[in-house]
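K.L.:
Could you have a look at this structure, given as C-alpha cells, before my questions?
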Amino acid sequence: MSPPRRVSFPPDTLQEDPPLADSPLSSPKLPEYDRQSSSTPIVSSNLPTDTTNSASAGPRRRQQPSRQVTLDASPPSATRRETTESARTQRSRAGSRRTSNSLDPNPGLMRRVTTVLFTPPKKIGKAPTYWGSMKAAITSTWLNVLLVFIPIGWALYLAKHNGGKDSISDTAVFCCTFIAIIPLAGLLGFATEEAALRLGQTLGGLLNATLGNAVELIVAILALIKCELQVVQSSLVGSILSNILLVLGMCFFAGGVRFAEQAIKSTAAQLNASLLLIAVIAVLIPSAFHFSISSSTSNTDASELANGEGADLLSMSHAVSILLLILYLGYLLFQMWTHATYYVDDAVTGSTQYPEAITNVSEKLKFRNFHRRKHDEEESYSTATTVSDAAVPPSARAEGGEVPATHGPGTAAAETGNRVEHEDAEEEEEEETPQMNVVCTIALMVIDTVLVGVTAEFLVDSINGMVESNPSLSAEWVGLILLPIVGNAAEHFTAVSVSVKDKLDLSISVAVGSSIQIALFVIPVIELLAWTIGKPMTLLFDPYESIVLFLSVLIVNQTLADGRSNWMEGMVLMMLYIIIAVSFWYYPGSTTATLLGCQDSSSVTG
C-alpha cells in the first residue's frame, strides 16, 4: 500500500475546444468532493508533463493550471484492516500457488488432473540419504520401542502351532500381536505422510484408506475361505463403525483441543457423507428384503431359505455388489478427475484459535489503555491532517505547485503493509523438507503393510482359543470391536496426527474415505469372491448391526453438515462408539448370516 498522495491530471486543452462528453472531470454528475478548489492543498507525485509543440499538433494551446483530485488517506484503523485482509489474501494465494494452474480449465483434462494429484502444496526440498531416511523412520516416534513385540508374538505363535507347545496360551499370542501392530501402524502413518508430501491431498487420502483397509481385506478373505461368514460380516461392519465414530471422533477431539473450531470443506464432506449413506443403504437392502418377507414367528430354516428366498438373496447380493463396484469407480472418477478441485487443500484453513484469557486486573488495564491509545492516535491523525493542509503556502495553491508528502500515521501503516508483503513473499518460497527419500518411503510402506498383514493373521488365529479360554468374551464382539480397532490402527494413527496439525480435511478423507472404500469396494469384492469360490455369502447382515450402522451414518451426516467441528462433537462420536461396544457385549448374536449354511452356493441357486 503506497503513501497517501494527491494525483495531478494533465492540463486541459484550448478553451475553444469543447470538453469531452464522457470526461469524468466535466461531467455534471461528478460529486462535489472530487472537484477541488484552488484553495485545496495539493500533494502530488511527479507526473511527466509534455510541454513540447509539434507541427501536427494544431494551433497553439494555452496552458491551464492542472486539475487536482485529492486521494485522501484512510485512518489508521482502516489501513490496518486493509493490511490484514491483504495479508490473508496473499497468504491464501501463496498456499494455493502450486495448484492454481490445475484449476485453469484451459489445459487439457489429463494435464489438469495430473497436476492436481501429483503436485505437492509446497515446494519440496532436498531428499535425505538412505541412512538419513532409515534414521528418521526409526526415530519418528517413541512407539517404535514396541517393535520388539513383533518377534515375540511370532515366536509364540509358531511355537504353539508348529512346535506343539500347548502350554503357550492363545491369550499371550493375542496380547503380543495386538501390541506389535501399534508401532507398525505408526510407521505406516509416517510413511504415508512422507508420500503425501509429494502427492496431492486427494491421492494421499486414497493411499491412506487403501493401506488401512489392507488388513480388513486379508482377514475377510482368510475368514471367507474358512467359511466363517459371521466373522466376515461383523469385521466389515465393525470397520465402518470404527472409522466413522471412533477414528473421526478422536480426530475432532484431538484437533478441538488445540483449536476452538476447525473448518471443514462442506462440499467434499457432504458429498462423502451422502455417498456413505447411499452405500450403506445399498448394502442393507438385502437385509430389508429378508425381514420384510419373513414370517413374524421366525421359523424359517435353512432348507426353506435354500428353496426360495435363499436363491433370491444370493442373486440380489451379486447384482448389488456389481452395482456398488460401478459406483466406486464413479466415485474415484469424480474425486480424482472431474471434480478433483473439490479436494484440493487450501493454505487458509479457517480454523479458530482459542482466545487468550484476560485473568488479572493489570492485563485488563493494559487492554483498556491499548484501546484508549488507539482512539487518541486516530484523533491525532485527523488533527495532523488538518494542520498540514493549513500549513501549505498560498503560493503553492495559486501556482498549482506540489508539496512533498510528509510522513504520518498513514505512511507508517503503508510501511507496515510493505513489511507484511515482504514476509508473505518469504513464506511463499518456504520449502517442505522431507525426512525420507522416495525409495525408502515406498520400501517402508510395502514392508510395513506385509508385517501388519502377517501379524494380524496371527492375531486372528489366536482369537478362537482366547474366546474358549475366556467365556465372558464372544467371537462376535471380538470381530465387531477388537478386530476393527486393530485393522484401523494405521489410518487411526495417521488421521489423529494430521488433525492436530490443522489438516482436518485429510483426516476426514482418511476416516470417511476408508468407510466408503469398505462399503463400495471391500464388501462387493468379498461378495464376488465368495460367488467365485462357491461360498454362500450374502449381504444379509445381522439386524441389530444393520440398525446401528444406519443410525451411526445419519449422526455423522449431521455432524458434518455445518462445515465446522470442535472437541465436543468428537466426544459425542466417541461416546456413541463406546455405547455400541457395551451393547454388543451383552448382545447374544444372530444366525442370519449362516442361514444358508456353508454349502456350495451352486446347490442353493441351482
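Using the three backbone atoms N, Cα and C, a Cβ is placed for every residue, glycine included.
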K.L.:
Do Swiss-Prot's topology records have Asn272 and Pro588 sharing one side of the membrane?
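P.N.:
No, opposite sides.
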K.L.:
Between the transmembrane segment (478-498) and the stretches 138-158, 171-191, 273-293, 536-556, work out which stretch tops the count of Cβ pairs under 8 Å.
P.N.:
171-191
K.L.:
Could you check whether the transmembrane segment (237-257) packs against the transmembrane segment (438-458) - three or more CB pairs closer than 8 Å, residues at least 6 apart in sequence?
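P.N.:
Checked: the transmembrane segment (237-257) vs the transmembrane segment (438-458), no contact.
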K.L.:
May I ask which of the stretches 138-158, 171-191, 314-334, 536-556 has the most CB pairs under 8 A with the transmembrane segment (506-526)?
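P.N.:
Comparing 138-158, 171-191, 314-334, 536-556: 314-334 has the most Cβ pairs near the transmembrane segment (506-526).
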K.L.:
For the transmembrane segment (138-158), could you work out the same-chain residues 6 or more beyond its ends whose Cβ comes under 8 Å from its Cβ atoms?
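P.N.:
The answer is 168, 172-173, 176-177, 179-180, 182-184, 186-187, 190, 435, 451, 454-455, 458, 461-462.
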K.L.:
Are there three or more C-beta pairs under 8 angstroms joining the transmembrane segment (438-458) and the transmembrane segment (536-556), sequence spacing 6 or more?
P.N.:
no
K.L.:
State the non-local partners of the transmembrane segment (171-191) in its own chain: residues 6+ outside its ends, Cβ under 8 Å from one of its Cβ atoms.
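P.N.:
Distant contacts of the transmembrane segment (171-191): 137, 140-141, 143-147, 149-150, 152-153, 156-157, 160, 208, 211, 436, 441, 444-445, 448-449, 451-452, 455-456, 458-459, 462-463, 465-466, 469-470, 486, 489-494, 497.
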